[in-house]
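Asker: The following feature annotations were taken from TrEMBL:
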- A:103-319: domain 'ABC transmembrane type-1' (DOMAIN)
- A:43-61: transmembrane segment (TRANSMEM)
- A:107-128: transmembrane segment (TRANSMEM)
- A:149-175: transmembrane segment (TRANSMEM)
- A:195-217: transmembrane segment (TRANSMEM)
- A:238-262: transmembrane segment (TRANSMEM)
- A:297-323: transmembrane segment (TRANSMEM)
Amino acid sequence: MATDLVPEVVQPAAGTSRQAPAPKRKRRTRAQPLWRDLLRYRWLYLLLLPGLAYFVVFKYLPMYGLTIAFKDYVPFLGYSGSEWVGLKHFHELFTGPDFGRLMFNTLLLALLTILFVFPAPIIVALLLNELRVNVLKRSVQSLVYIPHFLSWTIVASLTYLLFSVDFGVIANWIHSIVGGQKTDYVAQAEWFRPLIVLQLLWKQTGWGTIIYLAALAGVDSQLYEAARVDGAGRWRQFWHITLPAIRPTIVVMAILTSGHLMDSGFEQIWLMTTSLNRDVADVFDTFVYYIGITQGAFSYATAVGLFKGVVGVILIFGSNFLAKRLGQRGLF
Amino acid sequence: MKQRVRYYDSVGSRVFDVLNVLFLSGLAIVTVLPLVYVLAGSFATESEISSRPFFLWPKRFVTDTYQYIFSTDTFVRALLTTIGVTAVGTVVQLLLTLTMAYPLAKRFLPGRALVLNLVIFTLVFSGGMIPTYLVVRDLGLLDSYWALILPLAINPFYLIVVKSFFQELPEVLEEAARIDGCNELNVFLRIVLPLSKPIIATFSLFYAVGIWNDYMSPLLYIDDNKKWTLQMIVRQLTAANADSANVLQQLETVTFPEQGLKFAVVVVATLPILFFYPFLQKHFAKGVLIGSVKD
């Protein structure tokens with residue numbers, strides 16, 4: 001949720017920073033050196049310091065650490081002592097056997113997400129909007145928001161308890177209808193992607209409706225009244241008022257989604273990866289963990305991560321640019 | 001309202017309403033059904049779990065599994081660890097977020113734009129898993145509980161929301177305090193913080209849920225299984241790639257029925273979230289989050 005909503009916030013932040021300082025306070029001129037500002041606002045800077053230290057240490061130091069993607073990092077030699085090797089690791093990645101598979105798996109999951117997971121909250125929000133019994137509407141909302149707050153570990157466990165071959169309820173239920181041999185849905189490669197999509201639907205659909213419901217709540221009820229006076233039925237009201245009202249939100253969410261095509265959700269995938277489904281389960285995120293942490297190839301793993309990160313940045317700015325070209329309000 | 005109902009009286013509209021109610025009620029039920037089943041399963045006997053296809057109420061109500069897991073060191077230790085890390089972590093996260101958001105809300109502060117841009121940039125690009133892991137390792141935090149807290153100390157998104165909230169507080173109050181001789185620190189502590197109770201409540205819950213649910217940090221930074229959190233135990237017992245034999249051995253369950261155990265562990269790891277859920281929902285229903293996002 002966090003990353004999804006962010007660029008909405010980015011805009012005012014960027015805008016305000018360009019504004020002139022409050023009129024009562026003097027702008028710093030050359031005659032007033034830096035230390036005078038520091039002294040004058042010492043309490044504010046003091047408050048800022050711990051947070052700033054956090055960003056420097058845990059966000060910007062790792063960015064410096066990305067240099068090991070171009071080195072053969074040996075822990076003993078450290079960042080600066082390790083030898084530069086140029087694009088060796090990237091060459092290894094692009095020509096190696098894993099790249100095609102990782103790209104395919106990552107993009108296929110992204111495609112499935114766009115096809116099945118992206119429209120779900122829109123549909124549910126529109127249906128909720130048509131509910132005329134408020135108590136029911138609120139109860140449904142309360143229940144479908146719940147899974148958003150559960151961890152991926154819990155989701156993976158529930159999947160296991162429901163689908164596992166020995167006592168999974170749903171697995172047994174399907175077996176009793178279809179018959180034949182029992183299928184191990186949790187372990188088998190061909191069931192990996194359907195289960196991932198199912199998990200995403202269960203966990204995120206309800207929560208995803210919030211932003212659309214907020215947009216729907218903002219529609220002026222006079223529009224509906226006017227449409228009724230003009231003789232528009234329920235369907236035409238939906239088509240000409242409700243749908244246009246949430247179109248900007250849909251576009252914004254689509255942009256955000258396409259900016260995160262490469263993010264497959266490490267925890268979710270990792271928890272569902274088994275020895276039997278690794279061929280379809282491996283995505284960039286889990287591959288980095290596997291290569292880096294499990295096998296200790298820090299430099300190579302960093303190169304893979306950097307590649308993913310750079311593509312991510314390009315996607316975010318690209319989709320934003322595209323949105324602006326299409327006449328939509330961009331995100332930043 | 002009455003007119004509206006009469007207007008919609010067409011057959012198609014009625015049919016749609018009925019189907020819509022059915023569909024959405026069904027959706028809500030399907031969403032919570034797995035949770036209810038797991039809860040029921042945790043109180044059922046081992047034979048009932050394996051023999052009955054599906055149930056929402058156990059035939060025989062037993063608490064063996066709970067008595068058992070709360071008697072094992074491994075589980076109790078993980079539970080206490082998780083509670084402790086969540087409590088300390090939430091306090092640290094709130095402190096850092098609030099103290100950083102306040103100066104960032106002051107438009108006159110020189111250097112504010114630079115810091116804000118540094119924060120926003122981290123939303124678009126990050127060093128990634130391995131470089132962050134190496135920083136944590138170089139700080140000597142591997143196998144330390146701090147590794148579960150410090151790398152996630154500030155959520156940039158929450159920071160920006162809190163900053164927007166501070167910006168909307170009436171400037172008059174702060175000015176009055178300054179005229180009365182308060183310095184910025186006192187303005188923050190005595191004026192701003194007391195006014196921010198709702199947002200503090202909201203984000204303590206969101207941060208706490210985040211730490212409680214975190215699986216990636218313990219996976220990356222904690223090797224010592226004596227320092228495992230609850231999520232690690234849950235995963236080890238019941239994930240697809242679970243290494244349950246290992247944990248079961250640790251839990252000394254050689255003779256203990258293991259299926260019911262899995263249900264009970266999932267319930268214990270979920271319950272605190274469900275307990276706080278009404279508060280969580282109340283706060284985001286108030287529009288605290290969405291309101292500030294739209295600003």
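Glycine is no exception: its Cβ is also placed from the backbone N, Cα and C atoms.
Please go over these features one by one and say how buried each is and what sits next to it.
Answerer: Taking Cβ pairs closer than 8 Å, the transmembrane segment (A:107-128) reaches residues 137, 140-141, 144, 193, 196-197, 200-201, 204-209, 211-213, 216, 238, 242, 246, 250, 253-254, 257-258, 261-262, 264, 269, 283 in its own chain, all 6 or more past its ends.
Same-chain residues lying 6+ beyond the ends of the transmembrane segment (A:149-175) with a Cβ under 8 Å from its Cβ atoms: 182-187, 191, 195, 198-199, 202-203, 265, 267-268, 271-272.
For the transmembrane segment (A:238-262), the list of distant contacts is 3-5, 7-8, 106-107, 110, 113-114, 118, 122, 125-126, 129-130, 211-212, 215-216, 218-219, 223-224, 227, 232, 284, 308, 311-312, 315-316, 319-320, 322-323, 326, 328-329, 331: same-chain residues at least six beyond its ends, Cβ to Cβ under 8 Å.
Same-chain neighbours of the transmembrane segment (A:297-323): 7, 65-66, 68-73, 75, 82, 85, 89-90, 92-93, 251-252, 255, 258-263, 284-285, 287-289, 291, 329-332, counting only residues six or more beyond its ends whose CB sits under 8 Å from a CB of the stretch.
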